Amino acid sequence: MLTKFETKSNRVKGLSFHSKRPWILASLHSGVIQLWDYRMGTLIDRFDEHDGPVRGVHFHKSQPLFVSGGDDYKIKVWNYKLHRCLFTLLGHLDYIRTVQFHHEYPWIVSASDDQTIRIWNWQSRTCISVLTGHNHYVMCASFHPKEDLVVSASLDQTVRVWDIGALRKKTVSPADDILRLSQMNTDFFGGVDAVVKYVLEGHDRGVNWASFHPTLPLIVSGADDRQVKIWRMNDTKAWEVDTLRGHMNNVSCVLFHARQDIIVSNSEDKSIRVWDATKRTGLQTFRREHDRFWILAAHPEMNLLAAGHDSGMIVFKLERERPAFSVSGDALFYVKDRFLRTFEYSTQKDTQLIPIRRPGSSGLNQGPRTLSYSPTENAILVCSDTDGGSYELYVIPKDSYGRGDIVQEAKRGIGSSAVFVARNRSDDRVVNFDLQQRIVLGDLQTSFVRYVVWSPDMESVALLSKHSIVIADKKLVHRCTLHETIRVKSGAWDGNGVFIYTTLTHIKYCLPNGDSGIIKTLDVPVYITKIYGSTIFCLDRDGKNRPIIIDSTEYIFKLSLIRKRYDQVMSMIKNSELCGQAMIAYLQQKGFPQVALYFVKDERTRFNLALESGNIEKALESAKKIDEKDHWYRLGVEALRQGNAGIVEYAYQKTKNFERLSFHYLITGNLDKLSKMMKIAEVKNDVMGQFHDALYLGDVRERVKILENAGHLPLAYITASVHGLHDIAERLGKELGDNVPSLPGGKQASLLVPPSPVLCAGDWPLLMVSKGIFEGGLDDTGRGVDEDYEEEAADADWGEALDIVEVANLQNGDVSLVLDDEAVHEENDEEGGWDLEDLDLPPDAETPKTAPNARSSVFVTPTLACLHTYLRAFTSAPVISIAVEREKLKAGYKATTAGKFSEALRHFLSILHTIPLIVVETRREVDEVKELVVIVKEYVLGLQMELKRRELKDNPVRQQELAAYFTHCNLQVPHLRLALLNAMTVCFKAQNLSTAANFARRLLETNPSNENQARTARQVLQAAERNMRDATQLNYDFRNPFVVCGATYIPIYRGQKDVTCPYCYTHFVPSQQGQLCTVCDLSVVGADASGLLCSPSQMR
């Protein structure tokens, strides 16, 4: 007996399982009806309206109803969704023993101590038939599951079977009203609607219970004579088949098991007995110490039983339903219908191997409990509970695959458990033991573990207990523990390192960090055997193989977030239908509100998430749609925190907060708008606001005018006098007459002039909020951009066209890309970039708008020649974050792609000059900063060489060399392709075919996505192969690795001496030692310096 759930309560007299939900109703002797969730083990509801014991209770098959009958002679019909009694049926004159809904018609049958059985229509709320004939208490009555029959048991020692076919016909085709009136009388006195078909006599005492077999024409009954009797019936008669003896006291309840050939009975002798219905012998007995049993109930669809006793009830199973299986490689071995079978996952072929049991030995709990497979021996070990525990060893014959008819004698033995490699099981710890070295590799304290599941790479292990899962690594170092209220059934690892497991009701996932969630709800429990991609292979309780297709999007998305695979995250956001409050809450909890923004449609939620993630543009979009004062105010506060002056101004305008707006114009130095504010205050007749604005503007005449108009003539006179406006002072003096105020002597007056602002009318770097990876920022410097620019620069072309026969001329079209923060510069005319008409830049890759004067305010640090250079703090020094530099990097990439080399160079130099001002916290961020320096240095050097090449109009050899060196700078792949195309073109035109062919080969190796580039490279190779020579000798050997000197632009081959810049690591020829680095303009070449220190963590 496997107890699944147990309650402690008053005596339980009635029980009923819900057909679909994991619920059970228990009616108590105290008058209370309890509704329990037996899976969760929780009390869902209690219904307390009956006076005295409630002996019968029953759920409706499909409606949210149940019926109860009690000692108060009342039958009540309840709606459990509304948590109340809908109506009461009155008519019985004594205690009601049982009530039951009909499976099809709107009927209830009830049995009572008034010696009658009544059938009620619960829709019309009337009694439609009274079955009379018993001459003692009727202890139970129930409908046949399929036919028009009712069985009843009574203390008059009989079991009666009633035919209610006429009642059904009357319900299906009701007679007219006159006929019905005449029938009411006959109904009451036991009319023709229900007739006794059989009276079963055989018990020596009162019969307590009788019930039908679900499919066969059998009845089982239990009585106070301590006997259980089986009766068979046909169309004409019924007779006693056999008697089951064994109970020591009154038999309270008895029923046939729906799914097995057994009978279950319980009794006041405190036992539940299980009988074989065919052999009619006792199989098992379960006893309680002090509690008499009163009632049994069977689940209509599952293999569950419940029994009510003096102090509560138990929900139980008679045997395990878990199929015995073992997975080995691509095959699953399992037992079904007394055969060992194998299932190949790749071909999905199911094969019968060998019979594993003597026929006819499938009693209760006789099936295989566990199964182990040894690939080396090709043998199967089956353990079962037969004979108190035994095992059998079968060797699978090589030729038996696909036949499965060879009966093989197994090696048998007695034991509770057997496996191929013996193991000791400890209740509170798990040990990993190396058999060859004979040492313990690791151990882990954990509650009683039932199953151990290793990941395919043997790096992780899941330890499954009844209600918990522990994930550990191969050395049993604990990673996380997951607790489940519903029992854990099975589990397996998928290819991504996520543990997928099943409970009774769900398929769920557990991520490496312990986060879990639901993948799918299950109707019936399944046992996972293996996972391939999004297909879960599992066995159900009938031993059938079931592939279940799951949607893994949610857990793959969360896994990508945990592993910082933001490229995957972005593509999933764009392509999948992830949504829901749970996902938004998860992203917020994990610190990714900016990602949650993509899933939210509700503008208020979007606004809050945008503020939380610092995405001021998205917050502005939402605020415009919501358009409420409170939201504008909050947007203004956040914009001020970020230093976004434009949005601060807009938010203050929307809330009509003129005081804040005036002060805002003062600190940003926008005097034009401040004077407008003064006029607005005048129109609104806001004297105080007008005066403040005049004070902010330093406009003395306006202040005097305001004071005069407001009637404050003495104050106006003093203001005019002090500020030297003598003509106005004289006029005001005349008006004041004798009341002219005297000015204090010995005081030196000074004009109140507003301070000049630090930054004029633009944004100021008060708080830099990184746009983050999801709004186009770079997480790992350079990495995200590599991926972005792969597609973006696919169609880009630099430089000149090549006149090869059959080669289409590459166009030097206009560049349609203008960066947000700058106009198109005049050098574009000289630089003729490459055609970008098809360049489709994603909207999230925009660079933030910066103030027009932002470039000029970058602080250029002194040269880093000494061991440290300290920058003295100054008030206007901006707080700079690495995110800002990443944005500049993107702008530089864009300009490079567009062929605007001077502009790109300015961006990259700006980054090199700003980086010394950055302060970061962690080692990872230090590495990011250093990586950024290296990336930018390569671009600066390359662009300087390219610009130099374009200046040399009359030196073709040097032009070719510089173009060649440019291809050896460490550039993004799209830019490298363009540099190679450029060098190939220059060399081909100069008849250096061998060198041009080398560039063409290198270009083709990058798999260019632009077909023009690939075609040109192939044609250059074809042309060069006919005449593989160089017209002029270049100082360039591509076979010998080299770096380019940052000042002289000549190659320094491996093994030659060089010196480096301590800041940007550019290499120089030794003659440049002591000079200022020409790449970064900050440090002395070859100086003994510490390099860049940007974090306290570097000092530790």
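Cβ atoms here come from the backbone N, Cα and C positions, even for glycine.
For the repeat 'WD' (47-88), the mean pLDDT of the prediction comes to 95. Residues annotated as repeat 'WD' in TrEMBL: 47-88 (among others).
Sequence annotations record features per position, and here TrEMBL assigns repeat 'WD' to 89-130 (among others). Residues of the repeat 'WD' (89-130) grouped by DSSP class, helix first, strand second and coil last, total 0 helix, 24 strand, 18 coil.
The repeat 'WD' annotation in TrEMBL covers 131-164 (among others).
Annotated repeat 'WD' per TrEMBL: 200-241 (among others), in sequence order.
Here TrEMBL flags 244-285 (among others) as repeat 'WD'. Proximity of distant same-chain residues to the repeat 'WD' (244-285), defined by a Cβ-Cβ separation under 8 Å and at least 6 residues beyond the stretch ends, is recorded for 1, 205, 208-214, 218, 220-224, 226-230, 291-296, 298-300, 303, 305, 307, 309, 318, 363-365.
Sequence annotations record features per position, and here TrEMBL assigns domain 'COPA/B second beta-propeller' to 427-540.
Counting residues of the domain 'COPA/B TPR' (581-723) by DSSP class, helix then strand then coil, yields 117 helix, 0 strand, 26 coil. Among the features that TrEMBL reports, domain 'COPA/B TPR' is placed at 581-723.
Positions annotated as domain 'Coatomer alpha subunit C-terminal' by TrEMBL: 771-866 (among others).
Taken from TrEMBL, the feature compositional bias 'Acidic residues' applies to 826-843.
TrEMBL lists 826-854 with the feature region 'Disordered'.
Annotation comment: TrEMBL describes 880-1100 (among others) as domain 'Coatomer alpha subunit C-terminal'.
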